[in-house]
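> My questions will all concern the structure given below.
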């Protein structure tokens with residue numbers, strides 16, 4: 001019974017270690033995914049800033065030439081500048097939306113990891129309950145066998161005593 005309990009205990013500890021290891025791996029994967037997403041967002045932002053800067057420089061050069069040639073030219077440059085600003089704003093909004101998506105994805109990942117841990121814990125608890133039931137039923141069976149053996153021994157002693165009493169009286 002002690003050996004059975006020890007091996008059940010060892011099995012439970014092994015399962016717990018596996019759950020802990022799985023959770024750590026899950027956390028590490030989520031962190032790596034977040035870092036990769038952040039790097040991608042940062043790279044996109046840098047590209048957008050370069051593009052805006054280069055368009056801005058072109059606009060500045062264009063504006064200098066335009067002011068020399070005509071006011072109409074300057075108005076066209078201003079319209080182009082407004083378009084660039086709109087494009088930059090749209091890109092910024094896209095980045096914000098992408099960040100929100102990453103955050104949402106991370107939350108879902110965390111929720112999945114928590115569900116997995118809960119399911120694993122429930123399985124461990126059920127396993128422990130089964131082991132406890134098995135131990136209890138083994139103990140009950142052992143008690144019943146011991147009681148039967150004691151009854152049989154008492155009956156044998158009583159019979160032996162009766163035989164001895166008969167022998168003594170006859």
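Cβ atoms here come from the backbone N, Cα and C positions, even for glycine.
The shown structure was predicted, so the numbers you read here are calculated from the model rather than taken from an experiment.
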> If I go by TrEMBL, the feature region 'Disordered' sits on one of 95-132, 133-170. Which?
133-170
> Same chain only, please: residues at least 6 beyond the ends of the region 'Disordered' (133-170) with a C-beta under 8 Å from a C-beta of the stretch. Say none if there are none.
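Same-chain contacts beyond the ends: 1, 4-5, 8.
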> When secondary structure is assigned with DSSP, how many helix, strand and coil residues does the region 'Disordered' (133-170) contain?
37 helix, 0 strand, 1 coil
